[in-house]
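Student: Take this structure, written in structure tokens, and hold onto it; I'll ask about it next.
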There are 2 protein chains.
Amino acid sequence: MSGNTVSLGDYLFTRFKQQDVLSIFGLPGDFNLSLLDHVYNVEGMKWVGNTNELNSGYAADGYSRVKGLAALITTFGVGELSALAAVGGSYAEHVGMVHIVGVPSISAQQEQLLLHHTLGNGDFAAFERMSANISHSVHHVTGVEDAAQSIDAAIQAAYINQRPVYLTIPANLSEIELCAKRLATPLDMSLPDNDSDAEDEVIERVSKMLQAAQKPILLVDACASRHSCIEETAELAKLVNFPVFLTPMGKGAFDEQNKRYGGVYVGSLSSPEVSEVVDNADLVLSVGGLMSDFNTGSFSYGYTTKNIIELHSDYTKIKSSSYAKVGMKQLFPKLLKSLAPIAQDLMAKEFINVIPPKQVATPVIPGSTIYQKWLWTRLGSFFRKGDIVVTETGTSAFGIVQTKFATGVTGISQVLWGSIGFSVGAAMGAVMASEELDLSRRVILFVGDGSLQLTVTEISTMVRWGLKPYLFFLNNDGYTIERLIHGENASYNDIHPWKNSRILDVFNAKEGEHEAIQVSTTDELDNLLSDPAFNKNDKIRSIEVFLPKMDAPENLVKQAQFSSSVNSA
Amino acid sequence: MSGNTVSLGDYLFTRFKQQDVLSIFGLPGDFNLSLLDHVYNVEGMKWVGNTNELNSGYAADGYSRVKGLAALITTFGVGELSALAAVGGSYAEHVGMVHIVGVPSISAQQEQLLLHHTLGNGDFAAFERMSANISHSVHHVTGVEDAAQSIDAAIQAAYINQRPVYLTIPANLSEIELCAKRLATPLDMSLPDNDSDAEDEVIERVSKMLQAAQKPILLVDACASRHSCIEETAELAKLVNFPVFLTPMGKGAFDEQNKRYGGVYVGSLSSPEVSEVVDNADLVLSVGGLMSDFNTGSFSYGYTTKNIIELHSDYTKIKSSSYAKVGMKQLFPKLLKSLAPIAQDLMAKEFINVIPPKQVATPVIPGSTIYQKWLWTRLGSFFRKGDIVVTETGTSAFGIVQTKFATGVTGISQVLWGSIGFSVGAAMGAVMASEELDLSRRVILFVGDGSLQLTVTEISTMVRWGLKPYLFFLNNDGYTIERLIHGENASYNDIHPWKNSRILDVFNAKEGEHEAIQVSTTDELDNLLSDPAFNKNDKIRSIEVFLPKMDAPENLVKQAQFSSSVNSA
């Protein structure tokens, strides 16, 4: 920044800094290099430098799930396409991200030069057309006239809609000078106003339905956390006094230690205690619902009531009527205020007392095999406030459903998109974000030996930055989740085994700054998890846990049967 | 296959076997699992099982560059999007590949179920729309009526056009029974006939121009090998007796030991001896031209003649006139026949005698640093007939241009698309293909320490299959090609250093079946390359070569200056 003007690059990264987005993920490429020069002009900003673009996309996703927004920079064609599977996941799962692509200069595009990183057919718009399918919106910088506005609009859209947006910046424009004054006004990140008539009608109807209900429940799902409504949901639960249930994707969006918390609802895969209450409810108040197959026990929701209130990020549904312009984040303040007068009445009602989720015994027998059931239950007492628990699609994302979270534990998994390998990249981004917030927060990754192979190199980025996550490698000899669905003994579900305990070493983790542990019995793992030294996140650790090949969490076994039958129907 | 019918899966893999495509690349996913069951029903077929989809795409590309066609199988959404950067490269560089995607059942798609691996918005066509941008054509299996025809059409289109095609197969259809009789007739893989009037005109004009020329040259480029015209080109060269030059992407498409071979033409980046002849030619006969920036010294072709004949896969251009339906593969037999009568005359002409490309001295001084110039020249005498040399976009793809290939050496690099990391995956596929053809053929990979980090895990797949490539890791401490373009000392061009000599070990290469070598002086490398034991490809080897950080092949230094100025123009 020099006086009245600021370079485009400095402008961009200053805008991210204002949103507390301090880490920029991605890889260098010749169409973005000059833009990257500017990262270091803005104090406190850092260029992460991932090991490949797919991983950088997952990392940006993980970062955004912790901090609410992320920035990803790739290069034209080769770089951006490599990241699409990650960006698609962010789109599906409501994760805010600006995907910035360094593109050839406008003149090179207009002349349709047969540049490297192109398809060789002069079609410079192909990659943008591809990304548009998995982006909330597409934004371009084409010159000094639209640069600031395009950048601002992209950042606002990504945050407000919690989706990826696509922003192109030509390679020759990162140095152009923009008016600096605009930076003095922080971006308006407020959500669009609700339609106030519709909002009033919603509040009136909701209030009446809540008062009339005899056996109501509150069901908290993914978008409660994805759209930053965790606090509002807690307040709502307090006011209405309903029994509260989480979905698998909702884990972390409500305090599982709360006395009104009843467990995880996964349709017909739920425990009988949970099904009993939810399926017989006479009112379901749903916050941030995301009804995907793996999140709902393959759409097996069993409640018979027609009294359903759904609060979503951009609409509200009451019974059969939809209110297009009533988003929950904007609705909550008025709704909570309107409920205050009736909270006393609701508190007096004798709603069903929930039975706290049953805890499975975790006996420690020296030399005994570790089973998934034991593992996920035992982990409950390892987790503590502030922990961020990242689980991979596979036994982990299903297993974690049975783990009771301590207050203030955050869960990250990708239940809807379900791209294997996601968790390693996401953990990289999450630990970067958590260290920016509070060094004492721990990031704990659970990834199977199969999924690990897709994105293992992102552990190198963790080592590079001196990050200190816990990396649990669950070694059950291949793709167990696939074996359960189809082909138990098929060789396509086998993987080539690695020496996983040497991964930190090959990525050059320094002596004394890392630890590679292997455990195969309950006593070994129990001792480890109880060890105060192990509990302090003062180094990067890999913990390889050996588990039986076909052992899996019960909900995964049932889900796999569903999937198998859907695929052959 | 049972009597009159055959399952769809068996049909598919039988068709590939008939084309000698014996390895199927990709990863399992629940929408393709039942299809994968059928790989092993067809004798001689194998499922490779790569470490991630991007790598599997690169591997399929490398396989196809050796065998002419490849098959890649991924799963809906998450899997297929991960492979797009590889498929885009195959499209840009004319590589034939069938990308088969296991998709949800037609009924699930019609009901717009909120399945995992979807965007959660009921849009099941998004991924197909994305792939269509980088595919020659899109094909669907929707039932027993269209299954065989769709499969056949996809394989034919991929091979004939040497481009990727996209083929969807619903998860529930791999077992449906098709009429087996169709398999008795092998697919017609012949190219579409040329327009015979146009062809006659082309032949007449070409013949006259060749006879009139005094200082003609023959320029051989990428598509000569991509569209299987290497033999025809050799025959053409013999008949016309012109001096012959290769482009960087043409390396391997003409015998560099031929006495009429004059060197590599890269526009203004060529050696003076090459420029002198090419730029002053009065006729340029071009075979398989692909005029991308890195292939032409940033479009700096210097010849002034307007007598240019371009033979392309799907059209011919003579001076300013284009013949849309005259493809070179079909044209060659007639053209060569028509030239036979004038060959004597041409032979009698005193066309310019080419000066064989100058060989740089490679003195071996004990303890002396290895420079790129030394390296690429010295390698010339290491390569031998049958070798497949895979080079990465970076110092390798530029350095290899100065290496004189022995007769029968095949070169693989990705000069147009230029996706870093490509070479490791491509080498995996190439070595699989070469072993299917002839066990004694060697595959020799050159990859920088930076690019290696993107796709290193594919080395695990090589270990898994007991393949025996040479893996040269050129360690020059980061992204040297990027440093040359912009940001020599910028930290975004640094990488986190790995213990590269332990990579084979961590991927579980067995004792005695692998070798990890490190060399940093000319005498060490010279001794190694001269060692008969090292020359025998009887184990997998990594050879880490330490090179100075900013040392680069001269043509790369100049190219980088061009790129840098284009990006800031």
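Easy rule for this one: first residue shown is 1, then count along the chain.
A Cβ is built for glycine as well, from the same backbone N, Cα and C atoms used for every other residue.
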Student: So TrEMBL lists B:HIS117, B:GLU482 for pyruvate 1; which of B:ASP30, B:ASP197, B:ASP200 goes with them?
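Tutor: Matched candidate out of B:ASP30, B:ASP197, B:ASP200, per TrEMBL for pyruvate 1 with B:HIS117, B:GLU482: B:ASP30.
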Student: How many Å separate the Cα atoms of B:HIS117 (pyruvate 1 binding site) and B:TYR159 (pyruvate 2 binding site)?
Tutor: 30
Student: As a quick check of your reading of DSSP, tell me how many residues in the domain 'Thiamine pyrophosphate enzyme central' (B:203-328) are helical, how many are strand and how many are coil.
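Tutor: Split by secondary structure, the domain 'Thiamine pyrophosphate enzyme central' (B:203-328) comes out as 41 helix, 29 strand, 56 coil.
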Student: Give me the count of other Cβ atoms within 10 A of the Cβ belonging to B:TYR159 (pyruvate 2 binding site).
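Tutor: Around the Cβ of B:TYR159 (pyruvate 2 binding site), 22 other Cβ atoms lie within 10 Å.
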Student: Among the binding-site residues B:ASP30, B:ASP449, B:GLU482, which sit with their Cβ under 8 Å from a Cβ of chain A?
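Tutor: The binding-site residues close to chain A are B:ASP30, B:GLU482.
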Student: Indicate the candidate from B:ASP30, B:ASP449, B:GLU482 with the smallest number of other Cβ atoms within 10 Å of its Cβ, considering only these binding-site residues.
Tutor: B:ASP449
Student: Between B:ASP30 (pyruvate 1 binding site) and B:ASN476 (Mg(2+) binding site), find the distance joining the two CA atoms and give it rounded to the nearest Å.
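Tutor: Distance (Cα to Cα, whole Å): 42 Å.
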Student: Across all chains shown, how many C-beta atoms besides its own are within 10 angstroms of the C-beta of B:GLY478 (Mg(2+) binding site)?
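Tutor: The answer is 22.
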Student: For the domain 'Thiamine pyrophosphate enzyme N-terminal TPP-binding' (B:8-116), what does DSSP give as the number of helix, strand and coil residues?
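Tutor: Once the DSSP states are binned, the domain 'Thiamine pyrophosphate enzyme N-terminal TPP-binding' (B:8-116) shows 54 helix, 19 strand, 36 coil.
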Student: Give me the Cα-Cα distance between B:ASN476 (Mg(2+) binding site) and B:GLU482 (pyruvate 1 binding site), rounded to a whole Å.
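Tutor: B:ASN476 (Mg(2+) binding site) and B:GLU482 (pyruvate 1 binding site) have their Cα atoms 12 Å apart.
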